[in-house]
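According to Swiss-Prot, the active site annotation covers Glu133. The Fe cation binding site feature in Swiss-Prot is assigned to Cys90, His132, His136; the stated evidence is sequence analysis.
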Amino acid sequence: MAVKKIVQIGHEALKKVSEPVKDVNEVKGLIQDLKDTLATVEGIGLAAPQIAVNKRVVYINFGDGENEYVLINPEVTGVSKETYEDYEGCLSYVMHEGLVERPRAVRIQALNEKGELKVYEAQDLLARCFLHEIDHLEGIMYVDRAKEMYELVEK
């Protein structure tokens with residue numbers, strides 16, 4: 001489809017709770033837009049609100065050939081009691097990062113591109129990525145959860 005502009009912090013789409021997808025066929029183009037857009041930037045995840053579409057769709061791709069996920073209407077169904085802090089960044093708030101505490105492990109369920117219900121269990125970076133992107137669907141950015149924020153400088 002097309003590479004879309006990634007909206008930045010303060011944009012209305014990033015503040016809204018996104019609408020559930022009723023039919024996966026209605027978001028095929030959106031999914032391709034997310035894939036095309038993420039391929040052009042240095043990031044591992046992109047949620048539909050980040051391209052100004054308030055639908056509950058997330059695309060994650062670690063670029064390793066193994067960790068690629070399309071999540072439609074994702075729901076967190078379980079989290080570990082153990083948490084840890086790590087730094088997060090966001091394509092919608094470039095040149096910044098923040099220290100965020102998140103559960104070490106998570107279980108989510110979501111529809112895939114074919115409309116099949118899948119359950120995923122993840123730890124560490126993948127769990128953090130799932131939660132970060134699902135937050136976007138709730139109108140939450142990592143800066144809302146960060147204990148500390150830093151502005152990055154270019155070399």
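From the backbone N, Cα and C atoms, a Cβ is placed for every residue, glycine too.
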Taking just the CA atoms, what is the gap between Cys90 (Fe cation binding site) and the residue listed as 'active site' in Å?
10
Using DSSP reduced to three states, classify His132 (Fe cation binding site) as helix, strand or coil.
helix
Does the residue listed as 'active site' have same-chain partners at least 6 apart in sequence with Cβ under 8 Å from its own Cβ, and which are they?
Gly45, Leu46, Ala47, Val58, Ile60, Leu71, Pro74
For His136 (Fe cation binding site), the number of other Cβ atoms found within 10 Å of its own Cβ:
24
